[in-house]
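Peer 1: Sending over a structure as structure tokens; questions will come in a sec.
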Amino acid sequence: ELFSPSQKYQLLVYHADSLFHDKEYRNAVSKYTMALQQKKALSKTSKVRPSTGNAASTPQSQCLPSEIEVKYKMAECYTMLKQDKDAIAILDGIPSRQRTPKINMMLANLYKKAGQERSSVTSYKEVLRQCPLALDAILGLLSLSVKGAEVASMTMNVIQSIPNLDWLSVWIKAYAFVHTGDNTRAINTICSLEKKSLLRDNVDLLGSLADLYFRAGDNKNSILKFEQAQMLDPYLIKGMDVYGYLLAREGRLEDVENLGCRLFNISDQHAEPWVVSGCHSFYSKRYSRALYLGAKAIQLNSNSVQALLLKGAALRNMGRVQEAIIHFREAIRLAPCRLDCYEGLIECYLASNSIREAMVMANNVYKTLGANAQTLTLLATVCLEDPVTQEKAKTLLDKALTQRPDYIKAVVKKAELLSREQKYEDGIALLRNALANQSDCVLHRILGDFLVAVNEYQEAMDQYSIALSLDPNDQKSLEGMQKMEKEESPTDATQEEDVDDMEGSGEEGDLEGSDSEAAQWADQEQWFGMQ
């Protein structure tokens, strides 16, 4: 009662701000609403009773918190509560002329998330009209299929008026290629940018380059660029989920574990640390734990494609294929140019013997993303599942290997086909050729299998050893080596089998123990962001 109406308004806003910073979002919304009601009453009284000319009242009224800023804070609360419709409604209530760039930016992102593309494009363009150098708005427009030339024209005046900005038009061109799925031209354009002195060792560009190499299936260069980026910025989080996934696929689980710990020390409020730890669990065959960690990552960032893929893969390996399909479809919606999203969905279809659906999806990917080594191999993978389309698979794989002789997935599938046809010598030649310029655990293991088939036991043993040195957790290489050792010393076979049984049961016990330990988390449905 001691405060004036304007002071009451100020106190309500300060109280709401404090609640917002304490993450009490519902309470904050309540206080912001009360503040707006107080401001409305204040406006009415000021109209009825004009200012008396009191010198103290003028500065006080001038420093009152902005009503538009209060509405923006309310929208922030609603987004934190995942009530996007309410956030859009509160921002839509602000007249267009009074909307600041950050309000238009939030509206654009919310419209995009809600699938209202036209409204999103309009809001992004409004941001660029006010702030022509807003790079996030540029990326937003490109992601909504607005032509690169149109976006560049909106920044042309500022590029010409400010010195040393000539790189921006090339940057827009590069990301236009990224969002149309033209990975090769995007890589070449970003590489040309990186050579310029102004953008040399730019962490953001290196991260984009690493992601593009990953999309193009060039894992070696992707890892190299991610390592370069994190050397320049030890606190880098963006993209580290993909980096962790690549390390896990290569069997470098100790490096994955170290990366996860380092990221958690930086921040546990981002999806990336949880995804990296989830990859470690997944490739350690602790699928329930991976499922929980993936769900936690989705809770922190529902747009994390890598988290959706992790959770989807864990569900698939646990036999919950229909739930996995939902996650892979959501990943495709968020990243329509990423082939690994389609690969996950197709694997689910094949696991449930839905070969027709898998074939339709593979053909769609082939048509939309173009005939490159990756899409050709994906289509061939589905063709291999049907005896009628074996010859088509062979043709597709030959085309893929003509384009990229070093593409590991194509080599693996071609080797699988040659194994079925018992053309072991051709398979050995193919694998030796692929291993001439790279070293890969799976290729060395398959070469070992082929050498066993032609009775080259000593060299087969060498190949299994190389495979295990690259990935000590590769079970198939271990099994191949143990099988050969038994064949070499049949007198000790029975004794070795007993030892193997004891060792195997111990290992399985550990894994099962890990899964049961994590299952309590997996059963808590509130962690699962996508049901």
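Placed from the backbone N, Cα and C atoms, the Cβ positions cover glycine too.
TrEMBL entries are annotated by machine, without manual review.
Below are the features I grabbed from TrEMBL:
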- 479-489: compositional bias 'Basic and acidic residues' (COMPBIAS)
- 494-515: compositional bias 'Acidic residues' (COMPBIAS)
- 479-531: region 'Disordered' (REGION)
- 305-338: repeat 'TPR' (REPEAT)
- 441-474: repeat 'TPR' (REPEAT)
Peer 1: State the residues, same chain only, that lie 6 or more residues beyond the ends of the repeat 'TPR' (305-338) and have a CB under 8 A from a CB inside it; answer 'none' if no residue qualifies.
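Peer 2: Sequence-remote neighbours of the repeat 'TPR' (305-338) are 178-181, 215, 241-242, 245, 271-272, 274-275, 278-279, 282, 287-288, 290-291, 293-295, 297-298, 344-345, 347-349, 351-352, 368-369, 528, 530-531.
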Peer 1: Looking only at the repeat 'TPR' (305-338), what are its DSSP counts of helix, strand and coil residues?
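Peer 2: Secondary-structure breakdown of the repeat 'TPR' (305-338): 27 helix, 0 strand, 7 coil.
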Peer 1: Reported in the order helix, strand, coil, what are the DSSP residue counts of the compositional bias 'Basic and acidic residues' (479-489)?
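Peer 2: For the compositional bias 'Basic and acidic residues' (479-489), the helix, strand and coil counts are 10 helix, 0 strand, 1 coil.
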Peer 1: As a test of reading the model: what is the averaged pLDDT for the repeat 'TPR' (305-338)?
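Peer 2: Averaging the confidence scores along the repeat 'TPR' (305-338) gives 93.
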Peer 1: Within the repeat 'TPR' (441-474), how many residues are helix, strand or coil going by DSSP?
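Peer 2: Each residue of the repeat 'TPR' (441-474) counted once, the result is 27 helix, 0 strand, 7 coil.
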